[in-house]
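Notes for the one structure printed next.
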């Protein structure tokens, strides 16, 4: 060892093992996802205590769930038939890093895009169905999301089916610029054609539903349901406060606030949504 060589200051230890009475013991690692912090009550919740519906046992906060989890909770087992899976996302503006971000998100989520579309039965009631997944780039609305939802309405018109959409989105996808914003008008036109055919359109607003999705098809349903405490809005709270220079109510942009002011028809617990949707579909000439 040289005179000026750096010496180790500390003893290296392995936190996953220890020796007691001359016997080497291994300490099991605690999985990173064993507990979840509830955004509602701020408590650490054992994941298994959340149950399939991902509801906090302390405050009943509904955790955000994936499209796959939503399907399992909502539709009849084995009834879902996915549609419009072959549409590929492109990069119309050559936005730097966009395709790489898409590839990484697809690998992480197992989804091709931010919305899953298809046909299913809910308690025996047949419907066209779309579920947005906030795990995919915050379920932002790009050209593929717009195309899939538009095609779903067109399919529903041909098959004379109602449409149920579970919305969740951070808004328009900025990487696609004006092409993303165009989807608002495109889907809205499809909603109108579906309505002209005398068919039911039901939306379920889930946390969060914001931006261009709120400003278009999320609020165009014949019946608008929402999960409790869902964040619903267009611009962000701070943007609005800075613009109007007023302090907004604590419950501003929450589902309960919107129901009180007539923008939401009913707030339904996640565990009761399937029954509620099926009942509404049956009232409006449901298809078996």
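Cβ atoms here come from the backbone N, Cα and C positions, even for glycine.
Feature annotation (Swiss-Prot): of 38-59, 60-81, the stretch labelled zinc finger is 38-59. Same-chain neighbours of the zinc finger (38-59): 65, 69, 72-73, 229, 270-271, counting only residues six or more beyond its ends whose CB sits under 8 Å from a CB of the stretch. Those residues of the chain, other than 38, 41, 56, 59, with a C-beta within 8 angstroms of the mean position of the Zn(2+) site C-beta atoms are 39, 40, 42, 43, 45, 57, 58, 60, 61.
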